[in-house]
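Annotation comment: Swiss-Prot describes His675 as chlorophyll a' binding site, evidence class sequence analysis. The feature chlorophyll a binding site is assigned by Swiss-Prot to Met683, Tyr691. Positions annotated as phylloquinone binding site by Swiss-Prot, on the basis of sequence analysis: Trp692. Under the heading transmembrane segment, Swiss-Prot lists 70-93, 156-179, 195-219, 291-309, 346-369, 385-411, 433-455, 531-549, 589-610, 664-686, 724-744.
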Amino acid sequence: MTIRSPEPEVKIVVEKDPVKTSFEKWAKPGHFSRTLAKGPSTTTWIWNLHADAHDFDSHTNDLEEVSRKVFSAHFGQLAIIFIWLSGMYFHGARFSNYEAWLGDPTHIKPSAQVVWPIVGQEILNGDVGGGFQGIQITSGFFQIWRASGITSELQLYSTAIGGLIFAALMLFAGWFHYHKAAPKLVWFQDVESMLNHHLAGLLGLGSLAWAGHQVHVSLPINELLDAGIDPKEIPLPHEFILNRDLLAQLFPSFAKGLTPFFTLNWSEYSDFLTFRGGLNPVTGGLWLTDTAHHHLAIAVVFLVAGHMYRTNWGIGHSIKEILEAHKGPFTGEGHKGLYEILTTSWHAQLALNLAMLGSLTIIVAHHMYSMPPYPYLAIDYSTQLSLFTHHMWIGGFTIVGAAAHAAIFMVRDYDPTSQYNNLLDRVLRHRDAIISHLNWACIFLGFHSFGLYIHNDTMSALGRPEDMFSDTAIQLQPIFAQWVQNTHVLAPNLTAPNATASTSLTWGGGDLVAVGGKVALLPISLGTADFLVHHIHAFTIHVTVLILLKGVLFARSSRLIPDKANLGFRFPCDGPGRGGTCQVSAWDHVFLGLFWMYNAISVVIFHFSWKMQSDVWGSLSNQGVVTHITGGNFAQSSITINGWLRDFLWAQAAQVIQSYGSSLSAYGLLFLGAHFVWAFSLMFLFSGRGYWQELIESIVWAHNKLKVAPAIQPRALSIVQGRAVGVAHYLLGGIATTWAFFLARIIAVG
């Protein structure tokens with residue numbers, strides 16, 4: 001008799017028709033909360049409605065129901081993204097000069113928005129070249145369309161329609177997977193299956209599909225565009241896909257088909273899968289054959305990774321086992337218990353994902369200029385500045401969000417009884433040592449980095465330039481950064497013998513790429529000025545981390561308030577009769593962290609903007625002489641606070657301040673308006689709730705006198721609401737001011 005192991009049964013992981021689709025319910029504001037569903041009696045109701053609408057934890061304690069709501073909301077988010085993308089492509093098709101730009105990208109600027117002539121607003125349509133009047137755009141869409149092989153506005157229309165179809169699909173999926181077939185909790189907690197599918201499906205097959213598109217569509221079309229062929233003469237994408245001979249004319253190895261692949265002569269394919277390094281001198285972008293090779297390699301890596309985790313077949317890794325085996329000699333129980341946290345707390349999961357995504361976004365910001373991936377991106381200075389700034393802000397916000405959700409996890413989901421002597425418990429137990437050391441590091445960095453500037457300002461004021469820290473007096477060279485640069489310059493000869501240039505021209509080595517007389521990229525030398533400002537970066541980043549980490553580590557308890565966990569994530573003070581306990585909630589740490597994040601990112605984007613204008617961006621004469629936009633003044637001017645104020649903020653604000661009467665005038669108005677929004681925030685941040693309540697009561701008295709009193713009783717914002725409104729306007733005003741300042745400047749001079 002043979003004993004067979006039981007066949008693994010297919011688990012039913014969805015529930016049919018769990019929640020009725022009800023339009024009556026949707027039409028009732030606050031239907032998710034018994035208190036809010038009663039309707040407003042005071043004006044606080046509308047604030048609570050906004051605060052709690054997406055706080056699914058407050059609607060129900062059922063983890064499965066919360067998971068389904070989050071899952072469904074993700075489809076809604078994707079639908080919005082597809083609609084937004086579709087709108088971008090539609091603007092490119094309907095209102096843009098894309099085809100003209102494609103024919104002459106060095107002289108014509110990208111525009112995809114034309115302002116209607118209402119009361120003189122046609123002034124906003126500037127001349128972007130080729131007889132086209134419109135607003136110059138700085139999003140980089142034209143460059144990415146060129147790289148993907150889009151040659152006509154019809155193709156943009158088609159893609160826009162495709163985007164809308166996908167948006168509709170996503171909206172349907174969001175409804176279907178909540179109301180018709182909702183996954184059970186076990187499905188959300190099946191991490192191995194999720195890893196396999198996300199790694200192999202999204203990243204693996206996604207990269208493979210993109211690599212395929214690049215090889216069969218982008219490469220041939222870009223090859224012909226680079227050779228100066230008129231876009232209208234170039235075959236359509238499907239012709240390259242269906243007709244191999246067309247491709248073989250450009251890349252001879254296509255004639256051999258798949259033979260080299262199966263005979264392992266992969267080097268035959270090196271005409272379209274290259275490893276060159278550096279930039280294409282025609283477009284100033286990375287070699288598209290390099291990026292196709294890159295995406296193919298990424299696809300292979302992730303397809304392998306997507307087969308590593310144990311599911312129905314009993315082979316492969318188990319995440320729980322990996323975590324529990326992860327112990328060191330000094331780390332107690334190690335990662336034991338973390339698996340349970342990450343499968344039952346979506347806040348913990350989100351915190352990790354936000355921290356990693358934010359860091360990745362900041363890495364993207366730095367690679368977009370140093371390794372410009374799309375054709376003609378590097379000579380479009382306005383777009384370069386916009387993309388860097390955008391990715392830095394996004395990364396900053398995302399990292400603060402990581403701390404916010406880590407703190408929410410600590411307050412709502414952390415169970416101290418199941419976390420004994422593992423790494424999380426050990427970190428929490430020596431949090432005082434961590435925070436006090438970090439605080440010391442912040443004080444040290446703050447005094448020393450700022451002190452170097454103050455020294456320079458003082459010596460400058462006393463007329464003693466020889467006693468300043470500068471490249472021409474007392475040098476503080478960033479020797480470690482220079483060493484890193486140098487090793488990368490040597491890499492092509494040593495570690496990558498087939499590469500013709502290093503990964504980025506910024507490392508050094510003397511190569512300069514200019515396109516149409518404009519510098520695309522050249523070696524960036526670092527000196528005393530960079531050393532000084534990098535220590536300001538270190539200071540602001542450490543203070544941001546100090547505030548956020550303190551908020552997380554002290555979210556549940558502190559010496560001041562031992563029972564903080566009972567008060568929740570956000571609360572104004574620990575009740576009456578306990579003075580000095582205000583602004584200690586985890587939420588308040590996020591609130592304060594946002595201001596320091598704003599400080600940190602502001603210094604970074606100011607540094608980038610000035611450094612690039614001074615040392616990289618500019619024009620190349622026929623004699624080979626480079627003239628930079630601000631003539632290399634960064635090294636000597638940015639070493640004093642006064643230099644930053646005078647030669648960066650004031651000197652470069654000339655364009656936005658004098659923009660009236662030109663096509664940049666909208667930026668002048670934005671600059672003023674955003675300053676106003678920023679100042680408006682101070683009214684919320686510097687004023688107490690009682691002041692407003694008193695004012696409101698006297699205004700209500702006047703309304704009563706006139707018998708026009710409202711049915712909904714007006715109330716001053718709560719302390720937390722006031723701070724939330726304050727920080728929102730502070731950041732919006734500050735970011736929009738910077739945006740207007742940057743764009744008016746760089747569009748005028750770039």
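Each position is counted from 1, following the chain as shown.
Quick reminder: no glycine exception, Cβ is built from N, Cα and C everywhere.
Cα separation, Met683 (chlorophyll a binding site) to Trp692 (phylloquinone binding site), rounded: 11 Å.
Remote same-chain residues near the transmembrane segment (531-549) are listed as 399-400, 403, 434-435, 438-439, 441-442, 445-446, 448-450, 452-453, 469, 476-478, 481, 589-590, 592-593, 596-597, 599-600, 603-604, 607, 638-639 (criterion: CB distance under 8 Å, separation of at least six residues from the stretch ends). Cβ neighbour counts within 10 Å, taken over all protein chains shown, single out Trp692 as the most crowded of the binding-site residues Tyr691, Trp692. Taking the Cβ of His675 (chlorophyll a' binding site) as centre and 10 Å as the limit, one finds 15 other Cβ atoms among all the protein chains shown.
Rounded to a whole value, the Cα-Cα separation of Tyr691 (chlorophyll a binding site) and His675 (chlorophyll a' binding site) is 25 Å. Same-chain neighbours of the transmembrane segment (346-369): 66-67, 70, 377-378, 384, 387-388, 390-392, 394-399, 401-406, 408-409, 412-413, 521, 608, 612, counting only residues six or more beyond its ends whose CB sits under 8 Å from a CB of the stretch. Between the alpha carbons (Cα) of Trp692 (phylloquinone binding site) and His675 (chlorophyll a' binding site) lies a span of roughly 23 Å. Within 10 Å of the Cβ of Met683 (chlorophyll a binding site) there are 13 other Cβ atoms, across all protein chains.
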